[in-house]
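Quick look at what Swiss-Prot annotates:
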- GLY169, ASP170, ARG171, GLN172, THR173, GLY174, LYS175, THR176: ATP binding site (BINDING)
- SER362: site 'Required for activity' (SITE)
Amino acid sequence: MNLRPEEISSIIQEQIKRYENKLEVKDVGTVIQVGDAIARIHGLEKCMAGELLEFPGGVYGMALNLEEDNVGCVLLGSDDKIKEGDTVKRTGRIVEVPVGEALLGRVVNSLGQPIDGKGPIQTDKYRDIERVAPGIIARKSVHEPLQTGIKAIDSMIPIGRGQRELIIGDRQTGKTAIAIDTIINQKHSDVICIYVAIGQKKSTVSQIQDTLEKNGAMEYTIIVASTASELAPLQYIAPYAGCAMGEEFMENGKHVLIIYDDLSKHAVAYRAMSLLLRRPPGREAYPGDVFYLHSRLLERAAKLSDERGGGSLTALPLIETQAGDVSAYIPTNVISITDGQIFLESELFYSGVRPAVNPGISVSRVGGNAQIKAMKKVAGTLRLELAQYRELAAFAQFGSELDKETQARLAQGERIIEMLKQPQFKPMPVEEQVMMIYAITNKYLTDIEVVEIGPFESQFISYMVGHHAEVGQAIRDNGVLDQASETTLKEAIEAFKKQFKAERE
């Protein structure tokens, strides 16, 4: 093929016209120090706070300290293959996690990656883990109940959808048990549950997954696990990741329950990270912003207004105390952020009162508005009667001469305490709770022995379901105990009591 010189020049001119000078500018930095899941990077002058940074070998980090001549970054993976002099690239993104229906029934890590061996999660939706909490206009007051299925809580410390209720107590007092029971109790409601395990043993998380699967609760639950063997930065982001997953459902008009188990370990992970980043320590060596650490997380729990879809995110944070000391730094912080707290006591737990809730110092600041009318009606005097019982029981130890009224109050208190006991993983439907509490508060069980209260309850509920199912149905459907239902309930209690006593003789 022969080309004339003028043709060659026209081809070259055409090529020059088509040439695009594409210059790709990348902001890169250099690792100057690495160790303990912390890296210091020189360069990256335009780096954002909380930005995701890419290290060699596919490891990512999060920029937390933006200093004059370097960036302090926490690593979200192993630092084994990262060395001094390595190149670090900016991604321009904040840490994000996958969200949506595909996560239901799965166990994921802090970054939303599956760790249950059930294959990849098919979703194309992602959300930033840090998000500004809904404003005042976007919210609505808490008015719908979130039933835990635990008599002591639903009757005296009611929780509403969109509330933050702290569960606080020493180790081994049944904090996680209350949280798991609450998840199991959502089986017949429309609530999606998220359980965030922070700094727990892998065996414990596996046990919880097994319990939820056995009770058919895993199908509407997501477990976000950042176990004790994981790096502090991964434990730090776990609750925010779980919250982002919950917000996706909340903003689509659904109701979500999220459990943070527990925030004491979360604060410890943040303290370790902050000290390694050379941030100045404050009280108990925690950094100055440890209050903000938890407040920005718990403020994201909300009941959205009808214009925003009316969804809700209810948070149950757990805090572990040391020898019952609730005046320590982290417990007082979280108590002041939440809308109430459920105190669990070791003394009660070891004396056989389980769940070991102390109703005297437990409180729900907004849940009363959410309690169903039937429960409000029957449980109104419960807290007062228990308080009177505790006061009288303390005096009764000293004197044997007690008048009849005092003896009656002590007997009533003993029966209430016995009735509030409940086995683990056996949450009770609210209509059954109402019927049993009605029988106790209206003094129908004064002639039943304290040890017989448990058997009486289980047989009485079976009797009501078999003979008067309409009473439970009415309470469940309307949330009220009307005149007709109350009359039927009174007659049923009297009839069953005769039958129960006859069988015992």
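Every residue gets a Cβ built from N, Cα and C, even glycine.
In the three-state DSSP scheme, THR176 (ATP binding site) falls into the helix class. Summary of the ATP site environment: with the site residues GLY169, ASP170, ARG171, GLN172, THR173, GLY174, LYS175, THR176 set aside, the chain residues having Cβ atoms within 8 Å of the Cβ mean position are GLU320, LEU344, SER346, PHE349, ALA356. Within 10 Å of the C-beta atom of GLY174 (ATP binding site) sit 20 other C-beta atoms, taking all shown protein chains into account.
Here the C-alpha separation of ARG171 (ATP binding site) and SER362 (site 'Required for activity') works out to 18 Å.
Taking GLY169, GLY174, LYS175, THR176 as the binding-site residues under consideration, the smallest Cα distance to SER362 (site 'Required for activity') is found for GLY169. Secondary structure from DSSP puts ASP170 (ATP binding site) in coil.
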